[in-house]
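Chemist: Dropping the structure in here first, questions after.
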């Protein structure tokens, strides 16, 4: 009985193709099984790793501060005071807490009385502004240090400005002393940061090297 060589070659090629496809099918089956065995894998990939709990807490504390500010400004000037609170809220939402607190203190001028006596409503609004300013302390990772530095700065700068005002009996002198103290403190913190990060020595060495290169370039060859 004779065997057709064409039929034998085609059967052999078909067997080889089937053998090559088997590892691919095994890999596909393994991946599908791994995905099925681990149902949490897809959920872990779909869930973001960034937590939104702290920003929500900051917003809640900020809203609490705005509510206290609104109560104080309502006691000061009723509806006109609430217009000022709207400006503070927009500044807080669009920029940040320090800008909102600065705008809030500026709003004291048109809504508060012209007398220099501290009214209870001003104290209520001030408590709200301080709460608004302390809200980001939750996201710093060092809440106690943040609050401690804030209280020390508040007492130190406020006491300095109040002392200058009582000594001179002029409001603009107290304001000028406060602005000057803020400038000196800001520059001191800037220099301290450069020294602590090692940027002062690097800048000095680079400037010295640049001056040396310029002097070597400008010298005439002998």
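Note: Cβ is positioned from N, Cα and C throughout, glycine not excepted.
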Chemist: Between the candidate ranges 20-39, 120-139, where does TrEMBL place the transmembrane segment annotation?
Modeler: 120-139
Chemist: Of 58-76, 191-209, which range does TrEMBL call transmembrane segment?
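Modeler: Residues 58-76 are the ones TrEMBL records as transmembrane segment.
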Chemist: Would you mind listing the long-range same-chain contacts of the transmembrane segment (58-76), meaning Cβ under 8 Å and 6+ residues beyond its ends?
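Modeler: For the transmembrane segment (58-76), the nonlocal Cβ contacts are 82, 84-85, 88-89, 92, 97, 104, 107, 111-112, 119-136, 138-139.
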Chemist: Tell me, what is the mean pLDDT of the domain 'DUF8163' (44-205)?
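Modeler: Taking every residue of the domain 'DUF8163' (44-205) together, the mean pLDDT is 77.
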